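Copied over from TrEMBL:
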- 17-267: domain 'G-protein coupled receptors family 1 profile' (DOMAIN)
- 6-26: transmembrane segment (TRANSMEM)
- 38-58: transmembrane segment (TRANSMEM)
- 78-97: transmembrane segment (TRANSMEM)
- 117-141: transmembrane segment (TRANSMEM)
- 177-203: transmembrane segment (TRANSMEM)
- 215-237: transmembrane segment (TRANSMEM)
- 249-269: transmembrane segment (TRANSMEM)
Amino acid sequence: MLIFVVLLMMYLVSIGGNMSIVLTIWTNRCLHTPMYFFLANLASLEIFYSSTIAPLTLASVLSAERTVVSLAGCGAQMFFFIFLGSADCILLAVMAYDRFVAICHPLRYTLIMSWHLCIQLALGSLLLGFILAMQLTVLIFRLPFCSSKEISLFYCDVLPVMRLACADTHVHEATLFVVSVIVLTIPFLLITLSYVFIVDAILKIRSAEGRRKAFSTCSSHLTVVLLQYGCTSLIYLCPSSSYSPERGQVVSVVYTFITPMLNPLIYSMRNRELKDALKKAVMRFLLLDKQ
């Protein structure tokens, strides 16, 4: 019961925090900029990402017996988990590019980061995530499952499901590694490269206030990147032979419950414009409630 309450609170905080970010950005015209457009997309992805995992997890924790999941339901959960998680990671790389243009090319920012390009980048992250998730899910669920049908995790992740197969999975493991490189390694390298140029540009700013303001627009994004990529890399970029169900349980809780809960808190605390907009929205709500 204690675990159920803790996970439920994390899920509700995650949904409430990300929803408030989306609504605040949507209703404030001063936040209708590329940076906040991508942040609203990231928050929306986190809402659906959490909702893919949390309900079934909460049901299994609350149930005295083992929770039964159909093969189709397991496949659907895996697809949406890979799809939304991949789009999330790719979108973080897009946000790093946005910060790179804003800090390194401020005079050409509005010209480069047009709304047309922003929409293309957001849709591109979704499309790439969809294609990778569809290919990997179809490939895995064509395997024969003729041994134990008990998954050693609280949701249908790739490695625990693959371990139930009674066929050679070397091709599937190689495919998972390729997908992990596309989703994790390449975006992380692009983010790192962007921040090398960003730090170089910030150090050239003469005023301390200017440097502080420039860095403050990046610090929340960098914190989220380290949380997201750090946890997922521990699972998907390690050899599958070294996969530990116990370690997988702990790390999976971090990036399926804790990280989506922390992301809106990190952005709202470290971003002054968003924090002020959230305060105004809360004050308006309280005034309307009193009336």
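Backbone N, Cα and C define each Cβ position, glycine as well.
Where the transmembrane segment (215-237) meets the stretches 38-58, 117-141, 177-203, the count of C-beta pairs under 8 angstroms peaks at 177-203. The transmembrane segment (177-203) makes contact with the transmembrane segment (117-141), as judged by at least three Cβ pairs under 8 Å among residues 6 or more apart in sequence. Panel annotation: around the transmembrane segment (6-26), residues 32, 36-37, 39-40, 43-44, 46-47, 50-51, 54, 57-58, 61, 257-258, 260-261, 263-265, 267-268, 274, 277-278, 281 of the same chain, lying at least six beyond its termini, place a Cβ under 8 Å from a Cβ of the stretch. Through the fold, the transmembrane segment (117-141) approaches residues 34, 37-38, 41, 71, 75, 78-88, 90-91, 94, 97, 158, 161-162, 165, 171-172, 175-176, 179, 182-183 of its own chain, all at least 6 residues removed from its boundaries and within a Cβ separation under 8 Å. Outside the transmembrane segment (249-269), and at least 6 residues removed from its termini, the chain residues within Cβ reach (under 8 Å) are 7, 10-11, 13-14, 17-18, 20-21, 39, 42-43, 46, 49-50, 53-54, 57, 153-155, 157, 220, 223-224, 227-228, 231-232, 234-235, 275, 278. In this model, the domain 'G-protein coupled receptors family 1 profile' (17-267) carries an average pLDDT of 86.
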